[in-house]
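Please read the structure below before turning to the comments.
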Amino acid sequence: MRNRTYTADAEPGDTVTVAGWVHEVRDLGGIAFLILRDTSGKIQVKFEKDEMDDDLVETGLGVHRESVISVTGEVAEEPRAPTGVEVTPESLDVIAEAEAQLPLDPSGKVDAELSTRLDNRTLDLRKDEVKAIFEIRAEVQRAVRDEFRNLRATEINTPKIVATGTEGGTELFPITYFGQEAFMNQSPQLFKQLMVGSGLERVFEVGPIFRAEEHNTPRHLNEATSIDFESAFIDHTEAMDVCEAVVKAAYEAVEENCQDELEALGLAEEFEAPSGEFPRLTYEEAIQRINATGELDEQLVWGDDLPTEGEKALGEDVGEHYFITDWPSEIKPFYIKDHDDDETLSTGFDMMHPNMELVSGGQREHRFDHLVAGFEQQGLDPDAFEYYTKMFKYGMPPHAGFGLGGERLIMTMLGLENIREAVLFPRDRQRLSP
Ligand code: AMO
């Protein structure tokens, strides 16, 4: 529709054609109002029954809610209208009639279960507060890309069908690839590392990762979006600086450019971009502080992974985004480098929101011999990774990077209760369509 005007752009005095969904019809007797909604907002359409063509009135007032219509008419100021203007229709077309019974109520007056919402995402996304999440998600991705570009990183796209896993053998989705065993990729880890030895040196990717997570939890997805960064000639502390800058840039962009969306979500007052430096605790300090909270039944000892309740207790104690550094080498993956002066300590780090882990990263093992030894220590066959390891023989610089969970960033930023709310069409154990 070349001549269509967004409702938000309809100015008094203009004759416009607006098109969108029937949000509401209010029939007051001699006069009736139809509220038309499009992506830019809503506009009131006025029907004065005695003064207007009967067919037009009948069509306008008889159409089911959520049908798609277009209305042509003159715009006038009307202080009593929800947006201060209204259209008096000269013509009205029903473009796509909606059924009278809808599986969920896009006006939000009737609450729906998350599963009903996800089954009917198109209707669900007609609600301002749901649409706002995805407008914010888009803004976060834009801000993250800009920040990486400012840091001279090149955006890359790596394969999602791969021959080997990297993040632990149990969480792989197998597929068949022309009769050969193959998997959906769990992380761009090895590919992004291969790029730091290429002419690109510093790269980032925003793309899907696939994890055959056994548990159905409010913060795990089977298909998630990973925001990955990797750079030559930096160490883990510089990777943490980049990680912090990227997360702050995302918050700042939302604060600056998404006030309407924050309003729709009821967050306009409380939303605040993190300002100070994120504290950096060592793993040792982290377990001591968790133990000191007394929240866990059993005290944590060196080498334990942090249980969810432990992360929660620590998050409450710290009260802001923070890093956990210097993890035991044995619980970090083979590609993470150990400290030169202490092989039991890794350069791996996690970045935490008070409620959950957002990021893993670290400096990488770039020395060929150490890398191959690391594979063997973790019971992995270095031959299966030859495509990766052999490039470490041809000039691989020291490098570091991280992976940031895209949905967890949105979820924690907006206080969403379930990670699925931050995904258009989430994939979990029960959900393969839509
Ligand atoms: P890791 O496995 O910790 O590290 O993943 C990085 C971040 O991705 C997010 N994430 C998930 N989000 C939702 N559902 C999931 N199933 C899921 N799995 C992971 C989390 C997590 O912190 N290769 C390393 C990164 C690196 O070292 O560069 C990696 O994948 O927010």
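Placed from the backbone N, Cα and C atoms, the Cβ positions cover glycine too.
Curation does not apply to TrEMBL; its annotations are automatic.
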Matching 45-48, 129-132, 189-192 to TrEMBL annotations, region 'Aspartate' lands on 189-192
Among Glu167, Glu255, Glu316, which residue shares the L-aspartate site with Arg211, Ser360, Arg364 according to TrEMBL? Glu167
According to TrEMBL, Arg211, Ala212, Glu213, Arg219, His220, Leu221, Gly405, Gly406, Glu407, Arg408 bind ATP; which of Glu263, Glu269, Glu357 is also listed for that site? Glu357
Just to confirm my parser: what is the rounded mean pLDDT across the region 'Aspartate' (189-192)? 97
Looking only at the region 'Aspartate' (189-192), how are its residues distributed among DSSP helix, strand and coil? 4 helix, 0 strand, 0 coil
Measure from each Cβ of the recorded positions Pro82, Arg211, His220, Gly406 to the atoms of ligand 1 and list the residues where some distance is under 6 Å. Arg211, His220
Between Gly406 (ATP binding site) and Ser360 (L-aspartate binding site), what C-alpha distance do you get in Å? 12
